[in-house]
Structures are given as structure tokens and as C-alpha cells.
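According to Swiss-Prot, the protein carries these features:
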ACT_SITE  D157  active site, charge relay system
ACT_SITE  H188  active site, charge relay system
ACT_SITE  S362  active site, charge relay system
DOMAIN    35-115  domain 'Inhibitor I9'
DOMAIN    125-416  domain 'Peptidase S8'
CARBOHYD  N123  N-linked glycosylation site
CARBOHYD  N136  N-linked glycosylation site
CARBOHYD  N150  N-linked glycosylation site
CARBOHYD  N249  N-linked glycosylation site
CARBOHYD  N305  N-linked glycosylation site
CARBOHYD  N334  N-linked glycosylation site
CARBOHYD  N353  N-linked glycosylation site
CARBOHYD  N404  N-linked glycosylation site
CARBOHYD  N412  N-linked glycosylation site
SIGNAL    1-19  signal peptide
Amino acid sequence: MSILKMMLIYFAIFWVVNAAQLLDIDSQGVIPGAYIVVMKDRVSSLEFSSHVRWLKRTHRRNLAKRATPFTEGLGATWDIAGWQAYSGSFDEDTVQEILNHENVEFVEPNKEMQVASTIKQGNVTWGLSRISHKENSSHDYVSTYGEGENITFYGIDSGIDINQADFTGRARWGINLADHVDTDCNGHGTHTAGTVAGQKFGILKKASIVSIKILDCYGYGDITRYINGLNWAINDAKERGLLGKSVMNISLKTRRSRAVNEATVRAQEAGIFIAVAAGNQATSAEFYSPGSAPEVCTVGASTRNDTKAIFSNYGELGMSWSCILFYTTGTNVNHTVDLFAPGEYIRSTLPHNLTGLMSGTSMATPHVCGVGGLIMATEGLAPEKVCDRLKELANPTIQNPGFNTTNKLLYNGSGA
């Protein structure tokens with residue numbers, strides 16, 4: 001074999017090995033033809049801008065070659081604490097060229113996102129009293145960490161009814177990335193916000209509230225809207241001097257997504273404490289995002305009797321088979337539930353000054369978000385340190401938490 005031929009084979013192998021991966025770990029909820037492209041960490045801002053210009057030229061060239069009416073191309077671009085990525089809709093030829101680009105780490109399909117809760121009925125409200133007492137025997141709420149003064153809460157959800165009386169004029173509309181209805185026409189976002197920051201139903205009773213709408217009236221959105229929401233929140237907090245003094249509740253889910261997990265972690269690194277729902281499929285949270293994201297605080301739902309709610313996802317405390325199988329993709333799936341919080345029959349705010357009961361890890365997560373805000377403000381902790389502190393304070397009282405899963409229940413450290 002000639003030296004030239006050997007060199008050609010070598011470079012062909014090198015090119016294949018170093019090409020970016022197209023991650024299609026799970027096809028459920030995939031939006032056809034829509035993608036998220038994530039750059040390598042070493043890529044500079046100038047290189048990213050150059051890549052975007054290259055992408056636009058490549059997309060136009062391939063459209064002309066195929067004589068196709070398909071024209072969407074580049075969507076949003078993001079830089080979240082150095083995590084650079086973009087969304088868009090591209091033909092197969094363009095996707096292949098993106099995968100072969102030296103600065104691209106991976107590409108994955110855009111997927112649907114939706115609320116992570118189920119609605120139930122009843123006539124009970126008990127969550128606040130439970131998280132403020134070590135023993136499950138009291139019906140009052142006690143807090144020695146204040147009421148969230150100087151904390152800002154960002155709710156990424158179906159929007160928030162900023163005129164809800166329980167928010168006492170502290171809420172403002174941030175951005176609508178879902179539709180043309182600048183209010184919460186689903187109710188999920190207002191309910192979770194009430195548990196975080198309502199005057200009667202919430203923990204951060206004096207915090208500022210910001211609505212980021214990424215889900216429509218039916219509770220559906222997608223990954224692109226989600227990352228747009230994260231990016232907007234980081235920029236807003238930065239402009240207003242709120243980094244290190246903000247919290248975010250994410251009671252949403254999609255099938256496992258490396259892009260969602262990475263963007264969520266980087267958003268917390270930028271300066272916002274983040275609590276995420278484990279999900280309501282009664283299975284391992286490792287199969288869903290952002291519940292499988294490392295470093296952020298993943299929350300399971302507990303009942304009034306301190307058991308794992310029947311619907312709540314759980315999480316293994318070590319390397320799972322899925323983590324081994326998908327290790328080469330770089331997907332972080334060995335991080336799941338950090339602690340539990342009340343998530344069954346939780347009463348909170350709804351649009352139009354109504355209240356209602358909901359159940360789900362969506363309802364548990366706002367409790368952690370709220371207590372996290374109190375701890376961060378009072379103890380001066382960095383956002384990425386808050387979850388560890390919450391786990392230190394938590395009580396090991398959850399019965400039957402799930403296979404190899406923590407038994408820790410959220411506690412606000414009141415001393416009661």
C-alpha cells in the first residue's frame with residue numbers, strides 16, 4: 001500500500017472519529033427537521049460568530065442545490081456562561097456538514113417540553129407546615145430565615161398571572177416565548193409561583209417575581225423555547241445586578257437531552273439557584289431532562305405521610321446501567337433525585353385570583369426553590385452550593401423512596 005493511500009485512510013478515520021455526534025437517544029417528542037447544535041468548550045466568541053456566518057452560507061448553498069422551498073435555517077443563538085449553542089431547522093446535507101465541522105461538539109433534535117404535574121382534587125393544604133418542622137405533627141408554618149427580601153424568583157413555565165392578589169404587586173412580566181397571550185392561560189405557572197413566592201401560600205413572601213412564558217395554554221413547548229428562557233433570565237439578572245440573588249423553578253420535563261442538561265447547569269453557574277422536577281412517571285429520573293442534570297437540585301414528591309408519592313420519579317445514588325450505556329455521549333444521567341418535598345394535594349394560586357389543588361413533582365419543586373432562596377440569602381451561599389446545604393438540613397424521614405434513592409425530606413432549618 002502506498003504511503004499516500006495510507007495517509008488518506010488515516011485522515012478518513014481521524015475525521016470520522018472526531019466528527020460531532022448526532023444524539024437521538026430517545027425519539028419521543030422529536031420535532032422533525034429541528035435541531036440544537038452545541039459548540040465545543042474551547043470555541044471562542046469570535047470562532048462562534050464565524051461558525052454562524054459559515055452556517056448561513058452553507059444553508060443557502062444547500063437550499064439552492066436542492067431547489068427546495070425549505071428556508072427556515074438558523075433560529076436562536078445562545079451563550080450561557082460560556083456554553084455556546086444555537087437552534088434551527090436544516091436539511092440533511094446541512095446537518096451532515098454541521099456534524100463534520102471541527103468546532104461542533106454535538107447535535108440533537110429539538111424536542112417537545114411539557115408541564116411535569118398532574119391535577120388532583122381534594123381539600124387539603126399542608127406543605128408549608130411540613131417543611132418547617134422536623135416531626136410530622138404540626139399545622140403551622142415557621143421560618144427563621146426571613147421572607148425572601150432582596151431575592152428575585154424567575155418562573156420558567158406557562159407564564160404567571162402577575163395580577164394575582166397573593167403576589168401583592170411584586171410580580172412583573174418578563175418575556176413570552178410561547179404565543180401571543182401575555183398571561184398564564186394554563187394555570188401551572190401561577191400555581192408553582194404561588195408556592196415559591198405567594199404571600200399566603202409561598203415561602204419567599206417578599207421576593208420579586210418574574211414571569212417567563214415558554215409553554216402554551218395546553219402546557220406544551222420545546223427545547224428551543226426553554227433555552228431561550230434560560231438565556232433571557234441570565235441576561236435580565238445580569239443587567240439588573242441580580243446574579244447571586246436569584247432563584248429559578250423548573251417544573252417541566254422532556255425526554256433526556258444533553259443540551260437541556262448542559263444549558264441548565266450553565267445557567268446555575270452563571271448565578272441563579274435552580275430547582276428542577278424529577279417527573280411523574282414513577283420511574284428513574286435519569287430518563288428525563290432537566291431532572292437528570294448534574295449540580296442542579298432535582299426534587300421528588302412526598303405525601304402527607306412522608307412516603308414517596310406513587311407517581312414521583314426516583315433516582316439511583318450511583319452509576320446506573322443507562323449511564324454506562326450512554327457514557328460516550330457525554331450525557332449526565334447518573335445524577336437524579338437530591339431530596340423530596342411535599343407534592344401531593346398542594347393548594348396554591350391560580351389565575352384570576354383563584355386557588356386550587358395540584359399534585360406532582362411540579363408542586364414539590366417550588367418548595368425547594370423557595371427554601372433555597374432563603375438559605376442562599378441568609379447564609380451568603382453561591383447558587384451551586386445551595387442544594388448541598390439543603391441536603392444537610394433535610395430530615396431522613398421518607399419511607400419507600402425508591403430503589404437506591406435518598407430518603408431526605410426538605411426542611412427549612414427553622415428549629416421547630
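Cβ coordinates come from backbone N, Cα and C, glycine included.
Among the recorded positions N136, D157, H188, the ones whose Cα sits within 10 Å of the Cα of N305 (N-linked glycosylation site) are N136. This prediction places the mean pLDDT of the domain 'Inhibitor I9' (35-115) at 94. Cα-Cα distances to H188 (active site, charge relay system) place D157, S362 within 10 Å, out of the recorded positions D157, N353, S362, N404.
Around the Cβ of D157 (active site, charge relay system), a 10 Å sphere holds 30 further Cβ atoms from the protein chains shown.
According to its DSSP assignment, N305 (N-linked glycosylation site) is coil. Considering only the glycosylation sites N136, N353, the Cβ with the fewest other Cβ atoms within 10 Å is that of N353.
Each of the glycosylation sites N305, N412 was scored by other CB atoms within 10 A of its CB, and the lowest score goes to N305. When the CA atoms are compared, the recorded positions lying within 10 A of N249 (N-linked glycosylation site) are D157, S362, out of the candidates N150, D157, S362, N404, N412.
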